[in-house]
Structure formats: C-alpha cells, structure tokens
Amino acid sequence: MNAPASHSMPSAAASPLDMRGRPLRDLRLSVIEACNFRCPYCMPADRVPDDYGFDSATRLSFDEIETLVRGFAQLGMHKLRLTGGEPLLRKNLPTLIQRLARIPGLDDIALTTNGSLLAAQARALREAGLGRITVSLDAVDPARYRDMTGGRGEIGHVLAGLEAARAAGFESIKINCVVERGINDDQVLPLVSHFRGTGHVVRFIEFMDVGTCNEWSRDRVVPSAELRDRIAARWPLRALEANYRGEVASRYAFEDGQGEVGFVSSVSAPFCGDCHRARVSADGRLYTCLFAGEGHDLRPALAGGVDALRERVSSVWTRRRDRYSEMRDAAGASRKHVEMFLIGG
Ligand SMILES: C[S@@+](CC[C@H](N)C(=O)[O-])C[C@H]1O[C@@H](n2cnc3c(N)ncnc32)[C@H](O)[C@@H]1O
Ligand code: SF4
C-alpha cells in the first residue's frame, strides 16, 4: 500500500538514531489489552482474570492512534504492525486501518492475530488497506491446540480464518508457532507437514522470557538450530538470504520447492544490534525493548498534537541503549519485564 502522491514523504534524514546508532524503522502498536485466549506462555488464566483489559478508559482513541502513527512516520518509521492482546477484539478495526493507510511514509501495515475471529473480518481488513497478516498457531492437533490457548481456542476457526484471508487476497500469510520443550515441540513436524506447499510460511519462535507470569526457564526453550535439524532430516532445507537488514526470522527453503520455513531465535541468537523497533501499548506507553521494565507515557505529548508527539518520541529514542537479549545472562540484567500481552510481541 502506497501513500497518495499528493503527500510529501518524510525524509529518512529526520530519523533519530539511538545511542547504538539504530534508526527507528518499525512500530508495533497494541490496539487492545484484552484477549479471548489464555495461552499459558503469555497470559496464563490463573494469573490474568477473564475480564482483563475490556475496560477501555485508558485505551488510545482512533484519533490519538492516528496522531501517534503520523508522528512516528515522520521520524522514519515505515513498517507498522497492529497487535494486542487480540487486535480483532478492537471494535471497528478496519476503520482505524483505513485511516492509517493514508498516512504518508507508511509502506507496510501488518497484523498479528490469534486468528479466532479472522474469518468474519478478513475481507473488511483487506479492503481497509491491511497489507499482511500473521496468525499464531502452536499446534495442529485440535486437543493440543486447545490446551495451548488455555482451553479457549478451536483450531477449525483459525483454519477458516486462514482460508478467508487467502480468499480476501492476502498473499504472504505467516504462521507463528512458539515452541516449548515437552509442551508442544511434538507439533513442529505436523505443523510443517500441514502447511508445506500451501504458500503459508510457518515460523518457529523460541519461547522467550518476556513478562513475569509464564514461569520461563531455559530448559523449555528449544533452540532453533535443533528444530531446523529435526525438520531438515525429514524435508531437506537450504538457507535463504534475509529479505532485508534487520529481518528477525532466519529463512530456509524446502529443497523440493514446497515453500519455506523460518526461525526466530531471540534466545539462542539475539539480534539486538539490528533492532529498529519501538512498541506502544494500547494505553499509549512507549517501550524501546521487548524486555523493558518501564514504558514512557506518550499521552501528555499526544494531547499536544503530531509535533509534540514527534519530539517526545525522538527524545526517548535518542537516549535508547537497550540490548537485553544480548545481556540475558549478564549480572545486572533487568528482571522486571513488561507483559507480552501489553506490547504484543
Ligand atoms: C502477544 S501475541 C498478540 C497478538 C495475538 N493475540 C496473537 O496471539 O497473535 C503476539 C505474539 O507473541 C507471541 N508470544 C507471546 N508470549 C510469548 C513468549 N513467552 N515467547 C515467545 N513468543 C510469545 C505469541 O505467540 C504471538 O505470536
Ligand atoms: S499469545 Fe496472543 S492469543 Fe495468546 S494469550 Fe497472548 S495475546 Fe492472547
């Protein structure tokens, strides 16, 4: 999706660099804190009440989100991903997307969803200007899938959502699977087998120590190299070049031409040096790292309009030094992390 020709594009020179020389290229924006699932690695049901996040008192309005995205775009952000909680629970999301799609400088709007509500919304999302969809799916076996969603998900709904998305014209649909040893690592080969040759790209994500409530331990992380070897033993693989600098997934093609598979290895091979990503929670807090403890409240600046917002973000970004993933094991690394469901992955 391209900006209309009548808008002037923000210059790349306007983009601030952080203390490690990294520009701001990418924004992950949560549009809602609530979720209809309770995946144990993200929002365990015994820690997060069912009605969590449905109170919209502090949630940014569509006007505020549009101001925010305009400000970020003027700083050089050109890739936007909407997330949550579950973003498809946000009412009138296609209307928001339509407004964002007109913002100059934005050349990619994507969505990460659990897919449960996608079948009914795929066409409206596409028509509004959404460019790409990522669907999270941690198992193909229906009972295992249900367990992975905290007893809330029906795999049939997600598969119907994928079909509807394809029919609506989404071409490069990614399927994200978080792998936990002893929990769902037996689902890796079935997932590959199910999606090979369909055009969808499955990406396996190492279980991360985000948040405070998922009882993360290193023993439950399956390093990507191990998964890659398991898959390659069955379907030989060939490494592919990254699509662009800073791409977080390493990509492999099936030698037999049946598509590709990806791995996101933020535990075994951290990629902080190339991290150009900011995250904003649904209540307007800016996090400069997935593992940050504290966010920066953007709401006062937002009230002052695009210029004030841009200045505030720039002042935070130019002071950014984070590289938590690379320091995970170092003494003194922060142990207080924002919850994943607040910043959306
Ligand atoms: C927080 S969810 C929000 C969007 C939507 N509800 C979904 O599940 O796609 C975004 C992504 O974060 C991933 N995620 C959540 N907790 C994680 C963890 N501890 N380690 C790795 N990925 C995680 C999810 O699997 C999902 O793909
Ligand atoms: S991973 Fe997504 S679907 Fe699962 S609990 Fe977290 S926000 Fe909800």
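Here the Cβ of each residue, glycine as well, is placed from N, Cα and C on the backbone.
Per TrEMBL, these features apply:
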- 19-238: domain 'Radical SAM core' (DOMAIN)
- Arg28, Arg81, Thr112, Lys174, Arg277, Ala278, Arg279: GTP binding site (BINDING)
- Cys35, Cys39, Cys42: [4Fe-4S] cluster 1 binding site (BINDING)
- Tyr41, Gly85, Ser136, Met208: S-adenosyl-L-methionine binding site (BINDING)
- Cys272, Cys275, Cys289: [4Fe-4S] cluster 2 binding site (BINDING)
Should we count any of the binding-site residues Cys35, Cys39, Cys42, Cys272 as near ligand 2, judged by a CB under 6 A from one of its atoms, and which? Cys35, Cys39, Cys42
When the Cβ positions of the binding-site residues Tyr41, Ser136, Met208, Arg277 are compared with the atoms of ligand 1, which fall under 6 Å? Tyr41, Ser136, Met208
What Cα-Cα separation, expressed in whole Å, is found between Cys272 ([4Fe-4S] cluster 2 binding site) and Ala278 (GTP binding site)? 12
A 10 Å Cα radius around Cys35 ([4Fe-4S] cluster 1 binding site) captures, of the binding-site residues Gly85, Thr112, Lys174, exactly Gly85
What span in Å does the S-adenosyl-L-methionine site cover, taken as the longest CA to CA distance among Tyr41, Gly85, Ser136, Met208? 17
What is the separation, in Å, between the Cα atoms of Cys289 ([4Fe-4S] cluster 2 binding site) and Arg28 (GTP binding site)? 11
Minimum Cα separation from Met208 (S-adenosyl-L-methionine binding site), reported as the residue among binding-site residues Cys39, Arg81, Lys174, Arg277, Arg279 that achieves it: Cys39
Would you give the longest CA-CA distance, in whole angstrom, between residues of Arg28, Arg81, Thr112, Lys174, Arg277, Ala278, Arg279, the set recorded as binding GTP? 21
Near Cys39 ([4Fe-4S] cluster 1 binding site) in space, meaning Cα within 10 angstroms, which of the binding-site residues do we find among Arg28, Gly85, Ser136, Lys174? none
